[in-house]
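S.K.: Mind looking over this structure? Questions follow.
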């Protein structure tokens with residue numbers, strides 16, 4: 001840190017030193033200092049983002065983010081926390097971590113991807129080492145070559161042509177290297193609405209039987225969810241070898257959100273905009289949302305996705 005400050009000080013003072021020192025000598029001195037600074041990784045990373053910069057992920061910080069920002073998803077919270085923190089604490093994983101997040105729009109799948117990225121890299125989704133789906137094999141190979149701890153996020157798997165995702169199978173398998181590149185420290189996250197019907201069925205069964213949603217266990221739906229996604233012709237995972245060969249580590253269900261969860265989202269949004277929480281406004285916004293099934297009206301059909309725009313209407317009054 002002291003050397004980093006010295007470099008900055010030298011650069012700031014350079015114009016005043018020009019008159020006292022021969023220009024060529026000063027130039028060589030500055031070049032020497034900068035070369036030493038850039039070649040020393042830990043110093044260099046104080047001033048720019050580096051691969052694996054936050055490798056010592058804080059389990060407590062990740063849990064706090066999940067608790068404070070993700071509502072109504074006790075299953076997803078537990079799986080994400082244990083899977084990500086366990087994977088990052090393993091110095092020699094046998095394969096990349098592969099998570100498949102499933103549920104209706106607005107239940108938090110994209111938001112969780114953002115939380116994971118922010119807890120690993122300072123830049124979050126804007127980090128040079130976090131990549132949204134573009135072109136498969138060459139895209140993945142190039143980015144992992146640059147940073148072993150790369151994160152790849154594949155949104156809207158439902159719209160991907162069936163069979164296309166199988167092109168990345170070698171990168172998710174138990175290989176030390178593929179074409180001289182190791183993928184074992186990478187993280188792959190797939191986002192999909194596929195299987196949402198099965199998730200809703202289980203949640204509704206628990207609600208009708210008078211059970212709390214927090215009583216739902218991963219074992220109550222993970223296998224059925226995997227089978228549902230595998231057999232869904234509208235899913236990019238239809239008959240995918242990634243499922244058939246057990247290369248997806250966790251199928252993470254996102255439960256449909258209830259009225260109380262929408263109110264939590266609205267309160268957090270009001271606070272983030274600098275407003276005091278007004279429970280009357282919170283209730284009015286939540287009551288404007290639409291719910292399903294038609295008779296019971298238990299679950300929000302858009303999750304928390306549109307509460308923010310509806311809140312604009314009341315805050316502008």
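Any Cβ shown, glycine's included, is placed from N, Cα and C.
Computed from a predicted structure; not experimentally measured.
Take a look at what TrEMBL says about it:
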SIGNAL    1-20  signal peptide
BINDING   103, 104, 105, 106, 107, 108, 109, 110  ATP binding site
DOMAIN    257-314  domain 'Torsin-1A C-terminal'
S.K.: With Cβ-Cβ distance below 8 Å and at least 6 positions apart along the chain, what are the contacts of residue 107 (ATP binding site)? List them in sequence order.
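M.R.: Long-range Cβ contacts: 72, 73, 254, 255, 256, 257, 303, 304.
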S.K.: So which other residues, same chain and not among 103, 104, 105, 106, 107, 108, 109, 110, have a Cβ within 8 Å of the centroid of the Cβ atoms at the ATP site?
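M.R.: Residues close to the ATP site, other than 103, 104, 105, 106, 107, 108, 109, 110: 111, 193, 254, 303, 305.
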S.K.: Does residue 108 (ATP binding site) have same-chain partners at least 6 apart in sequence with Cβ under 8 Å from its own Cβ, and which are they?
M.R.: 70, 71, 73, 76, 254, 303, 304
S.K.: Looking only at 103, 106, which of these binding-site residues has the biggest number of Cβ atoms within 10 Å around its Cβ?
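M.R.: Compared across 103, 106, the most Cβ atoms within 10 Å surround 103.
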S.K.: Counting across all protein chains present, how many other Cβ atoms fall within 10 Å of the Cβ of residue 110 (ATP binding site)?
M.R.: 18
S.K.: Identify, in sequence order, the residues in the chain of residue 105 (ATP binding site) that are 6 or more apart from it along the sequence and have a CB within less than 8 Å of its CB; answer 'none' if there are none.
M.R.: 193, 302, 303, 305
S.K.: Below 8 Å Cβ to Cβ and six or more residues apart, same chain only. Which residues does that give for residue 109 (ATP binding site)?
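M.R.: Residues satisfying the criterion: 101, 102, 103, 191, 192, 254.
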S.K.: Would you mind listing, in sequence order, the residues at least six apart from residue 104 (ATP binding site) in the same chain with a Cβ closer than 8 Å to its Cβ?
M.R.: 193, 196, 199, 200, 254, 256, 301, 303
